[in-house]
Amino acid sequence: MTPTDPPSFPVYSPAERRADAVIHVAGVLFAVVGGGLLLAAVAANGDAVVTASVVVYCLGLAAMLGASAAYNLAPAGAAKEWLRRLDHAAIFAMIAGSYTPFAVNLVAPPWGLVLCVAVWTAAAAGIVLKLGWPRRFERLGLALYLATGWMLLPAIGPMADGLPARVLWLLLAGGVVYSLGTLAHLAHRVAFHNALWHAMVLAAAALHFAAVAAAFT
């Protein structure tokens, strides 16, 4: 595609679009209703730092699911191209937001601070990449998604010390589902691959939501 060409977007069958729409509507409802209930439960505990960190998580989750719905359900055109940028950038906000409550509250210093700074630095770089250079460096962007998402591995010892076992397993399971979902995302010749990718994203988000709820409510 040259700078003068109109942006192109994948073409899906009506059945594929309907399936994807159902998944996105469910995702937005999950972010709004689930996020609201989670924040109410966390705020009831009266810890301002925990509440603020969970707000960051909920905003990241809502940004990802909302931007994905807006982009994938929008008709082709210039606005959709901008929504594509926001969609891809919001994934980084979700990844960093998902780390924040655990790094701030449960991982012992200095690991918690190091992890929080590292993941937000990587996320900021990814956001700049996706907003500033859309449709370029796609492999770099995918590698950065995975690297940012799995930053818990170098800190797995301190995380295991600070997090309840079931919470850590929920986080790991969510990471595995997200990572496997990239295979569906890349399987362009498979029918319903886009809906499957988004279903796996929603399933992984639900696992991480369960981890936050288990740790802080």
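The backbone N, Cα and C atoms fix where each Cβ goes, glycine too.
Keep in mind that what you see is a predicted model, and the values were worked out from it rather than measured.
According to TrEMBL, the feature transmembrane segment maps to 21-42, 54-74, 86-104, 110-133, 140-160, 166-184, 196-216. Per TrEMBL, Zn(2+) binding site is recorded for His198.
The stretches the transmembrane segment (21-42) and the transmembrane segment (140-160) do not meet in space: the count of Cβ pairs below 8 angstroms, excluding pairs fewer than 6 apart in sequence, stays at fewer than three.
Long-range neighbours of the transmembrane segment (54-74) within the same chain, counting only residues 6 or more positions beyond its ends whose Cβ lies under 8 Å from a Cβ of the stretch, are 20-21, 24-25, 27-28, 30-32, 35, 38-39, 42, 80, 83-84, 86-87, 89-91, 93-98, 100-101, 194, 198, 201-202, 205, 209, 212, 216.
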